[in-house]
Amino acid sequence: MTKIAVLGGGSWGTALANVAAENNNDVRLWTRTATQADEINSQHTNQKYLPDAKLSSELMATSNMALAVMDAEIVLTVVPTKVVREVARQLADVLNKQDHQVILAHATKGLEQVTYKRVSEMLAEEVPAKYRSTLAMISGPSHAEDVIKHDLTSVSIASENEEAAKLLQQVFANSSFRPYTNHDLLGSELAAALKNIIAIGSGALIGLGYGANAQAALLTRGLSEMRALGQAMGAQPETFLGLAGIGDLIVTGMSPNSRNYRAGKQLGEGKSLQEIQDDMGMVIEGVSTTKAVYEFSQHHHVEMPITAGIYRILYENEPLRDVISDLMSRPLRSED
C-alpha cells in the first residue's frame, strides 16, 4: 500500500485519486472547501465535477493540505495552470516541515502566462530543492468522465527519473487503466498544453457545420505545429506520436467530454467566449494556453498558422470564417 496525496478536487484530480484508491492505496484528496471534502467522505460523490459518479469508499478527502500530505510517498497536483504556483507555495510550506523524500507529480495541461513555463518548471521553482529530482507528469487520452466509469484508458507517465515513473505506473495500473512510462517530460508537457489549442479549432469547425475531412485536416496539421514547436524547444519528436501527443490530441479534439472542444464548438455556433466561460463554470485551459503559445511562437519565430488563427479568434474577435479562409488560401507548399 502506497500513501498518496492528490491535490485538487476537480474532475481529473478526483478520477485519478479514485483509481489509486481502488488499487488499495492509502489516498487522501485535498479539496478547496470542507463542504466538498465532506460530500466525498460521507456520500462518496463529487457532484459538481463528476455528476452521478460513485467514488470508492476508501477515498478520503480533506480541506487541510498538511493532513493530506502527511507521510505521503507520492504527491500529485491536479489543479488549473493559473493556480499551480499558489498551490505549490502552500505545498512547499508543508514539505518544509517534514524530512522524508516524496515523488512529486502533476497532471495539469497548460503553460504559464507571460513566462511560458511548463508546470514542472513552476513546481521546481516553488518547492524545496530535494523534491525536484522526481518530477513527473501523467498525461494522455484520459477524460475523467470515462476513467471514473472504468472505460479502458491508457496514459503516459513522463519523468527523467525512471524509478519515480515506474512507481507511479505501479500504483495506478489496473485492468482498465494502463500507464506507460517515457522519459521526455519536456515533450509530454508541451504536447499536453498545445493540443488544447488545436481542440478549440476542431470544435469550431464542427460548430460551423464542417465535416470529418476538415476536422481530420486540422488535427493533422495541428499535430505538425505541436511537433515543430516541441522540436524548437528541445523535445523529442516521437513523443508527439505517442499517448501524450496524438493520443491526447485525438480524444481532446473530437470528444464532447473535452471542454476545449466544446468551447470551440460553441464559438462556431455563435456564442461569445465570455458566454461560454460563464456557462461552463470550469477552466478552459486552451484559452490561456493559446495566448502564451502564440506570443512564444512570435518571439522565437516558429511558424504556427493554426495557433495564430485561433489566437485571432479568441483575442482579436476575428470572425471564424475569415480565419479559415486565410488558412485555406496560404501559399501552397509541401507537407514536410
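Using N, Cα and C of the backbone, Cβ positions are placed for all residues, glycine too.
Per Swiss-Prot, the feature NADPH binding site maps to SER11, TRP12, ARG32, LYS109, ALA144, ARG259, VAL283, GLU285; the stated evidence is sequence analysis. According to Swiss-Prot, the sn-glycerol 3-phosphate binding site annotation covers LYS109, GLY140, SER142, LYS195, ASP248, SER258, ARG259, ASN260. Taken from Swiss-Prot, the feature active site, proton acceptor covers LYS195, and the record attributes it to sequence analysis.
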Exercise for the section: Let me know the most crowded of the binding-site residues, choosing from ALA144, VAL283 and counting other Cβ atoms within 10 Å. Expected result: ALA144
Handout entry: Inter-residue C-alpha distance, SER11 (NADPH binding site) and SER258 (sn-glycerol 3-phosphate binding site) (nearest angstrom)
Key = 12
Handout entry: Candidates GLY140, SER142, ASP248, SER258, ASN260, namely the binding-site residues, that fall within 10 Å of TRP12 (NADPH binding site) by Cα distance
Key = SER142
Exercise for the section: Ten-angstrom check, please: count other Cβ atoms within 10 Å of the Cβ of TRP12 (NADPH binding site), all chains counted. Expected result: 24
Practice task
Could you say which of the binding-site residues ARG32, LYS109, LYS195, ARG259 has its Cβ with the most other Cβ atoms inside 10 Å?
Solution key: LYS195
Fill in the blank from the handout: Around the Cβ of GLY140 (sn-glycerol 3-phosphate binding site), other Cβ atoms within 10 Å, all chains included, total 25
Problem - Neighbour tally for ASN260 (sn-glycerol 3-phosphate binding site), based on other Cβ positions within 10 Å of its Cβ - result: 26
Handout entry: Nearest-integer angstrom distance between the alpha carbons (Cα) of ALA144 (NADPH binding site) and ASP248 (sn-glycerol 3-phosphate binding site)
Key = 13
Handout entry: Euclidean distance between Cα atoms of LYS195 (sn-glycerol 3-phosphate binding site) and ARG259 (NADPH binding site), Å
Key = 12
Completion exercise
Same-chain residues at least 6 positions away from GLU285 (NADPH binding site) with a Cβ under 8 Å from its Cβ, in sequence order, are PRO80, THR81, LYS109, GLY110, ALA193, ASN196, ARG259, ASN260
Fill in the blank from the handout: Using a 10 Å radius on the Cβ of SER142 (sn-glycerol 3-phosphate binding site), the other Cβ atoms enclosed count 25
Fill in the blank from the handout: Among the binding-site residues listed as GLY140, SER142, LYS195, ASP248, SER258, the Cα nearest the Cα of VAL283 (NADPH binding site) belongs to SER258
Practice task
Taking only the Cα atoms, work out how far GLY140 (sn-glycerol 3-phosphate binding site) lies from ARG32 (NADPH binding site), in Å, as a whole number.
Solution key: 26
Fill in the blank from the handout: Spacing of the two Cα atoms, SER258 (sn-glycerol 3-phosphate binding site) and ARG32 (NADPH binding site), in whole angstrom, works out to 23
